[in-house]
Amino acid sequence: MIVELLRCLQPAQARRLRLAVLAMAAAAGAQGLALGLLPLAFGELFGDAPAWHWPPAFAGLATLCLWLRRHAQLLGYRAGAEAARGLNRRLGQHLARLPLEWFAERRAAELNRLVTYNVLQVMSVPAHLLQPLLNAVLTPLALLGVLALQMPRLALAGLAAALPLWLFYRWGVRWGGEAEEGGERAGTEAAARVLEFVRQQALLRVSGRTEAGFALLEQALEEQRRAQRRAHWRTFPAALGLAGALQALYTLLLLGGLHAVLGGQLAATEFLALGLLATCLVEPMGTLVNLGATLRQTRHGLRQLRQVLQVPPLPEPARPRLPADPRLQAHGLGLVRQERRVLDGIELDLAPGSLNLLVGASGAGKSSLLRLLARCADPDAGRVLLGGVDLREVAAAERDRYLALLPQDCGVLPGSLLDNLRLGDPAASDATLLATARACGLESLAARLAEGWHSPLGEAGAGLSGGERQRLALARLLLKGAPVLLLDEPTAALDPASEARINRLLLGLAGRHTLLLATHRPSLAEHAAQILVLDQGRLVQRGTHRQLLAQPGRYRELFHEREAVNRWRLRGPIHPASARIAHHER
């Protein structure tokens, strides 16, 4: 476990932990040596001819042990706090460099448990678990070593009894470990179901599936209970057997000592010391039994932390290069996911300051292409160029300065409206923030909130509409001021008036920013310098709106489909149960 923990820590935290381990090991060894001198000290103090050779040595070692224990405890607390702080920092830095596709919905509960429960477990290792663990191993060994110099047969008997106990303990760890890992997995699944049930309340209620959603949650909780019960039943016999064996060892040591006293081989005072030794030998091992489940859970948590830290991040260039300009190009771009070719042979060139549209049916690969252009992941074939430089050779900070992506799922933090806006530019003045927010139509949102711009938005912005989320995300994007803006359906959730307002804003950005908009709506088509048509992962057409309408192809089909949809209207009175929808005659 100590080795696993050291592998998870950064060098500074690892050095502090090693120092704490050395102090704890020294304290455990000093305790064993002091206890080993106890029979000699008792013999001199209460023998026929009292002497003062061993009692001072015992007192000195005991004092040293107490000082080391106190010093080691302080080091352990500091090492635990530093380990938790360093691990949180390392996790944050590592997660920020992972491909976005790694963050699937099922990982929300895993990461939540990892950053909270598992990191707290790591903090408890040097603070609370290491000293009992080292005492259980090093104190008996040091004690038996000193005892072997005084009563070899008794020490040999203790060692012979301790080895099977240790093997029995290791077997119990393996026997119960698999069941406890199953319980951990069930707990993570239950936590994921709880998050899902809470977050999807609106969807469940609209679809009338609240009971079905709760049934899935209840099923996960019941599976967690069964998994934990299986783990208890598998670990209980081993723990009970080991506890019984320790008591049997304690009894055998006392009986052996009593036999030696009756045979005249051991003085009564030495027998009293032997009783204390037996207690001190068995007690640390009993503590180890009591901590067994905690140690196994901590070891499992450390393995989970290491697995996350070993996920390969997006590689950073050893010698970063600077882009010459904000021109964005792609050559032979390909992406394969789950043995399916999502993108194939993509070629594009976005001139600086140009407005470009990316159109295609749902599932054509538009979002995947935008994520590759922003380097949320690396392509399986081809390359992306920014200012003539391969995007993989541009440092992350420089890439973030040039590129800004607006995804479809617009994230909202639980802070205030202004706090969410400041994510785009923490150094922006309030005047700049408010001007950008008003340009994106957020003044109506601030007006309806109780505290205006300073109103908290709640967990994941639960009180915001889809359009409000989209306008907030767009305002954040504009505050960032990146030269290249990649927008995925930026007006999909907006009403016609808001869409027209945002379109005017985007048209005003063209010339100062390079824009690529993935969209189903052709409202900006006539103003686009270039329209890229994506179909089943391939770019099948490119050109201006007029050029593409003049030739048969996928774009003209999509445009006419959109026009047909726009001509649909309701005709006649709307019945509560049904409505007759007809298409306008051409």
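The backbone N, Cα and C atoms fix where each Cβ goes, glycine too.
Where the annotation comes from TrEMBL, it is an automatic prediction and has not been curated.
Per TrEMBL, the feature domain 'ABC transmembrane type-1' maps to 19-297.
The domain 'ABC transporter' annotation in TrEMBL covers 328-561.
Residues or ranges marked as transmembrane segment by TrEMBL: 20-40 (among others).
Beyond its flanks by at least six residues, the transmembrane segment (52-68) meets 23, 26-27, 30-31, 33-34, 37-38, 40-41, 43-45 of its own chain at Cβ-Cβ distances under 8 Å. The transmembrane segment annotation in TrEMBL covers 52-68 (among others).
Positions annotated as transmembrane segment by TrEMBL: 129-148 (among others). Through the fold, the transmembrane segment (129-148) approaches residues 1-2, 20-21, 24-25, 27-33, 35-37, 39, 69, 72-73, 76, 154-156, 158-159, 162, 277, 280-281, 284-285, 287-288, 291, 294-295, 298 of its own chain, all at least 6 residues removed from its boundaries and within a Cβ separation under 8 Å.
The feature transmembrane segment is assigned by TrEMBL to 154-171 (among others).
Marked as transmembrane segment by TrEMBL: 235-259 (among others).
Sequence annotations record features per position, and here TrEMBL assigns transmembrane segment to 271-293 (among others).
Summed and averaged per residue, pLDDT over the domain 'ABC transporter' (328-561) gives 86.
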